[in-house]
Amino acid sequence: MSASVLYDAPGPKTRARSRLISVLSTAIVVILLGWFIFALGQPRETAGGATLEGLWAPSRWDIALEPELWRGLLWRGLVLGTLRAAGLAAVLAIIIGVLFALGRMAKNPLIRVPSTILLEFFRGMPVLLMMLFILLGLKVGDYWAVVWALAIYNGAIIGEALRSGIASLPRGQSEAAASLGFTGMQTRFLIEFPQAFRQMLPIIVAQLVVLLKDTSLAYIVAYPELLRVSYQLKDYYGSGRYSFTLFFLTLVIYLIVNFSLSTFARWLARRSGNQAVGATRKGNRKKGQAPTPPPGQLGTDTSLLSIGRPEGLTGRVQEDNAP
């Protein structure tokens, strides 16, 4: 059923009411945002009775010009801390996700049932508790506690996403692979997993973005990631007026990295879709299938009218179209 049957087109009064609501909502949001920015810029007193300048005062942002600040945030905090842990954890999470997906889809209940129990257990366990258990129970360093906790938790979620992607594929693909002599493992890795990765790519990348943000929980286990380095820099400069500046710069760094990952995911999904369409068209040309005629050609090309018609009818059509 079309949308025009379910919903009537809005009339002039409805459109005017919608425009009025949109304008009022936008005005309210702008006013609240302006008030919030103005309030942050006002001087305020601390608990000790000292008066601090507003958050937009130039004296609060002069450390942004110091190279030592950016060396600490970008190199020690982002590269050596956050990205080093998140990069290895992302690779391990994808591998663990594939293993969980294989275990969940196994025909043998001795493999499927334990895999399901472990997957649900790790999905329901908080990442911070997992870091603490690995750090205290396995007696490993803070780096490996962070990496394994992030990898196991996000691997469980990625595994469930891959299983859902494979379950959504047409059953005829696995049956056709079996008729061609493919084993079950070959069908999984050569046919089903590539399609599941392509379908679930936005979910997987979104989960990897969550993994990157969850590295900030490593502050509790004393791992020097970006947030902990910003705390250390606050203590290094020894002044409370720089706290907002450091945390704001940390937020901007996180936003830039996450936006870059999201942009890369959209580009990769678009590129994968274009390659799939190109491969389909190329396969049709190899099979000798006629391309779809452009609009209007069916009414002017009499050769297309002869397809599937008797000879007498074809000749009559040609005589009618003759000048």
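Here the Cβ of each residue, glycine as well, is placed from N, Cα and C on the backbone.
Values in this document were obtained by computation on a predicted structure and should not be read as measured data.
Per TrEMBL, the features are as follows:
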- 79-265: domain 'ABC transmembrane type-1' (DOMAIN)
- 278-323: region 'Disordered' (REGION)
- 20-38: transmembrane segment (TRANSMEM)
- 85-105: transmembrane segment (TRANSMEM)
- 117-137: transmembrane segment (TRANSMEM)
- 143-162: transmembrane segment (TRANSMEM)
- 200-222: transmembrane segment (TRANSMEM)
- 242-261: transmembrane segment (TRANSMEM)
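Under the criterion of 3 or more C-beta pairs below 8 Å, with sequence separation of 6 or more, the transmembrane segment (143-162) and the transmembrane segment (242-261) do not qualify as touching, having fewer than 3 such pairs. Sequence-distant contacts of the transmembrane segment (242-261), counting only residues of its own chain at least 6 positions beyond either end whose CB sits under 8 Å from a CB of the stretch, comprise 55, 60-61, 63-64, 69, 73-74, 77-78, 83, 205, 208-209, 212-213, 226-227, 230, 233-234. Using a Cβ-Cβ cut-off under 8 Å and counting only residues 6 or more beyond its ends in the same chain, the transmembrane segment (85-105) has close neighbours at 111-112, 114-116, 118-119, 143, 146-148, 150-152, 154-163, 166, 188, 193, 196, 204, 207-208, 211-212, 215, 218, 223, 225. Within the chain carrying the transmembrane segment (117-137), a Cβ under 8 angstroms from the stretch's Cβ atoms is held by residues 100, 103-104, 144-146, 148-150, 152-153, 155-157, 159-160, 214, 217-218, 220-221, all 6 or more beyond its ends.
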